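What TrEMBL says about this one:
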type    : residues                               : note
BINDING : B:Cys48, B:Cys51, B:Cys152, B:Cys189   : [4Fe-4S] cluster 1 binding site
DOMAIN  : B:48-202                               : domain 'NADH:ubiquinone oxidoreductase-like 20kDa subunit'
DOMAIN  : B:221-289                              : domain 'Cytochrome-c3 hydrogenase C-terminal'
BINDING : B:His226, B:Cys229, B:Cys245, B:Cys251 : [4Fe-4S] cluster 2 binding site
BINDING : B:Cys260, B:Cys279, B:Cys282           : [3Fe-4S] cluster binding site
Amino acid sequence: MSTIKLDPVTRLEGHLKVEVTLDANNAVASATVAGMLFRDFENMLLNRPPRDAAFLTQRICGVCPVPQAVASSKAVEKIKGFKPNLQGLMLRNLIQGANFLDSGITHFYHLSLLDYIQGPQMSPWTGGYTQDLRFNATDTQTLTNHYLSALQIRRKANEMAAIFSGKLPHAANIVPGGVTALPSATEITNFRNYLNDIQSFISSTYQSDVNMLASAYSDYYNVGTGYGNLLTFGVFDTNTSGSLLFPAGTVINGTVGAFSEANIKEYNKYSYYSSPSGQAPASGTTTASYGKSGAYTWLKSPRYNDTPFEAGPLARVWVSGDYRNGVSVMDRHMARYVEMSKLVSNMQTWLDQLTPGASGFTNIGDPVSGSASGLTEAPRGAIGHWLSVSSSKISKYQIITPTCWNASPMDDAGNPGPVEKALIGTQVADPAQPVELLRIVHSFDPCTGCSVHVMSPDGVEMSKFVVQPLGK
Amino acid sequence: MRINRRDFLKWSVAAVAALKLEMDMDKLNTVMAAETDPPVIWLLGSGCSGCSISTLNVTNPTTIEDVLQNKISMKYDSTLMAASGESAMQALENAANQYNGQFILVIEGAIPGGASKNNCIIGEQNGVPLTMYDAVLKYGPKAKYVVAAGTCASFGGVAAAAPNSTGCVTVKSLLSGKTANPVVNLAGCPVNATVMVQTLLDLILTGVPSLDSYSRPTKYFNRTVHSVCPRRETEEVSQPGKYGCYEEIGCKGPGNLSPCPSLKWNNKQGWCIQSNYPCIGCTSPAFPLNPVISVSSGD
């Protein structure tokens with residue numbers, strides 16, 4: 001049995017390592033996925049006022065900071081029994097939506113496309129694998145040109161968000177109580193001009209490019225299929241009564257089911273933690289145990305009904321009924337396009353609902369005590385913050401990010417994480433250029449700055465981080 | 001060591017032929033320009049990639065497409081590069097050796113140190129994990145210039161916030177006395193794109209800019225936010241979300257040196273105070289305080 005180690009996996013946020021073993025026919029027999037950075041955010045949040053969390057948790061990820069601020073703000077608001085007014089909800093939708101558009105464009109063009117084309121013949125675009133490049137020179141040139149024009153579109157999505165958020169990355173004003181911007185008529189028009197440009201790019205360039213990819217690589221509808229279980233917490237309020245553009249739900253064997261937060265537990269048999277495994281996030285504890293026998297990652301394994309579930313755009317559009325083809329590398333790319341197309345059009349509607357000069361913020365102050373969760377979606381999937389407050393200070397904070405679901409290690413029952421499962425069985429044509437593995441990993445859009453299970457509030461220091469291949 | 005134009009063109013033609021791509025002489029000329037431009041190596045430590053994303057957003061003095069194609073040669077950048085795994089790590093090593101003493105090393109994020117060095121591993125070289133700590137020590141002394149991108153790399157920032165159980169240290173402290181030129185701290189959470197890119201161009205064109213006592217370029221960090229805030233003369237308000245001056249509710253603008261009021265963010269579409277929230281002082285060595293900001297709880 002031979003081994004392939006990819007460390008680092010580039011073109012994603014953060015530090016990720018993938019290792020697989022191949023059988024005699026060069027099919028992946030086993031796979032491990034590990035995050036390589038540990039940052040200790042949950043401990044850092046302790047004894048701070050709850051309003052600090054929206055600012056600090058955004059700094060978990062510069063690619064999708066907005067959903068962290070929204071999840072954190074929602075948790076505080078839930079303790080206070082408060083929901084922002086329509087103006088506040090629409091402003092959050094527009095800022096979070098802009099972050100989705102930026103992240104989605106970046107993912108397709110700048111993080112994924114180089115797995116399928118040879119980019120410009122200069123650094124940093126040289127040195128990639130040249131295995132299985134299927135586009136002719138003309139199409140390669142077209143996609144390369146779009147790679148460059150997409151740099152402008154993703155930048156514009158950030159600029160659009162900044163009109164209402166102050167800046168990106170790391171929005172200035174998404175806080176418990178709403179959003180503090182007071183959008184003027186001029187700013188609303190400015191936002192719309194940006195939105196029109198981005199919508200036009202999505203409906204023309206992006207649509208044709210993703211279809212071209214799906215056509216040239218149609219076999220990738222059968223690669224990286226994984227478990228087929230999908231999970232979403234739901235996102236984008238369409239009114240003040242809790243209706244969502246993309247509702248919460250689960251998908252098992254193609255069938256949509258209801259989502260219940262109570263079914264989430266985290267396991268850590270294969271993670272560097274000695275604390276009890278199988279706890280709900282609100283009551284879980286985390287005691288570091290570097291070098292623990294059999295463990296190979298700092299990520300825990302969040303599971304739903306003790307089963308691995310995949311998070312991301314595919315989960316959202318399947319549950320909402322907008323796309324129900326299958327679960328695979330190419331379905332993940334198609335789902336992202338379908339979602340962005342729907343999102344950008346709904347952002348036009350939300351923009352219409354803004355009232356110039358009206359406030360979307362209520363000064364609710366900090367809660368004195370209580371516990372609540374804040375659930376929403378990042379571009380790459382379900383994100384949850386679990387907050388406890390005591391004497392007006394954070395006494396407990398737990399975060400489960402999308403990449404925790406996707407890039408988790410085996411759970412206590414030995415079920416591999418979703419990315420690991422998606423890798424297993426993959427045929428690698430040339431082990432010296434295992435581009436198939438990159439295509440699978442990138443289709444999940446991993447973000448390991450946020451994936452590393454930041455530690456629990458019991459204050460145990462984790463002093464070491466290790467890379468240890470799974471011994472096979 | 002730079003390859004000459006003829007060798008490069010020969011190599012390019014061979015590469016193009018090998019890949020069965022169509023030849024485009026204009027494009028090759030552009031490539032030639034870029035490949036001989038000053039090499040940059042960008043390493044990510046304990047950070048969020050926010051400084052990378054911010055840099056991609058640059059519009060002033062130019063856009064990122066222009067920077068990458070015509071201004072610098074980005075030899076290693078794990079967020080953007082085509083190569084992965086072993087070939088990525090080889091590209092890093094090769095660039096540092098080939099351009100020893102000539103390249104610019106950009107470091108994003110703080111650096112887990114002490115017993116926590118292994119909290120951040122950037123990849124494997126020859127089967128051995130390379131910690132960010134060792135990578136900075138290995139490549140920092142080979143660089144002509146070292147740039148700390150963002151507040152985490154400059155001052156520890158959020159990465160080193162109390163209790164800093166990951167033992168994060170700054171670029172300047174780790175490389176003290178080991179660099180050819182003073183480390184340049186480009187504070188900000190994230191770094192402002194103009195500050196980042198213009199500083200790279202300044203280093204290439206004129207060398208290390210004038211620095212303040214925190215090693216920040218005085219060109220950008222010479223005035224407090226408050227001293228040039230357009231709301232300085234407006235009525236003080238008692239909570240965020242209202243138009244006015246936030247000095248009485250804890251705004252960090254009076255003590256925070258930052259170019260935000262003039263450069264703003266995202267192609268000048270916004271900045272924090274314009275969005276009706278006080279300055280949280282993210283370019284300050286003390287960021288993030290506990291609390292981040294002492295906004296009064298309301299009235």
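Glycine is treated like the rest: Cβ placed from N, Cα and C.
Remember, TrEMBL labels are computer predictions, not curated facts.
Each of the binding-site residues B:Cys48, B:Cys51, B:Cys189, B:His226, B:Cys229 was checked for a CB under 8 angstroms from a CB of chain A; the ones meeting this are B:Cys48, B:Cys51, B:Cys189. Taking each Cβ in turn and tallying the other Cβ atoms within 10 Å, the top scorer among the binding-site residues B:Cys152, B:Cys260 is B:Cys152. Cα separation, B:Cys152 ([4Fe-4S] cluster 1 binding site) to B:His226 ([4Fe-4S] cluster 2 binding site), rounded: 23 Å. For the binding-site residues given as B:Cys189, B:Cys229, B:Cys251, B:Cys282, the lowest number of other CB atoms within 10 Å of the residue's CB is seen at B:Cys229. Other C-beta atoms found within 10 angstroms of the C-beta of B:Cys279 ([3Fe-4S] cluster binding site) number 27, with every protein chain shown included.
Distances between the Cα of B:Cys282 ([3Fe-4S] cluster binding site) and those of the binding-site residues B:Cys48, B:Cys189, B:His226, B:Cys229, B:Cys245 are shortest for B:Cys189. Of the binding-site residues B:Cys48, B:Cys245, B:Cys48 has the largest number of other Cβ atoms within 10 Å of its own Cβ. Considering only the binding-site residues B:Cys245, B:Cys251, B:Cys260, B:Cys279, B:Cys51 ([4Fe-4S] cluster 1 binding site) has B:Cys260 as its nearest partner by CA-CA distance. The shortest Cα-Cα distance between B:Cys245 ([4Fe-4S] cluster 2 binding site) and any of the binding-site residues B:Cys48, B:Cys189, B:Cys260, B:Cys279 is the one to B:Cys279.
Other C-beta atoms found within 10 angstroms of the C-beta of B:Cys51 ([4Fe-4S] cluster 1 binding site) number 31, with every protein chain shown included. B:Cys152 ([4Fe-4S] cluster 1 binding site) falls within a helical segment according to DSSP. Across the fold, the C-alpha of B:Cys229 ([4Fe-4S] cluster 2 binding site) and the C-alpha of B:Cys279 ([3Fe-4S] cluster binding site) stand 10 Å from each other.
B:Cys48 ([4Fe-4S] cluster 1 binding site) sits 21 Å from B:Cys279 ([3Fe-4S] cluster binding site), taking the CA atoms of both as reference points.
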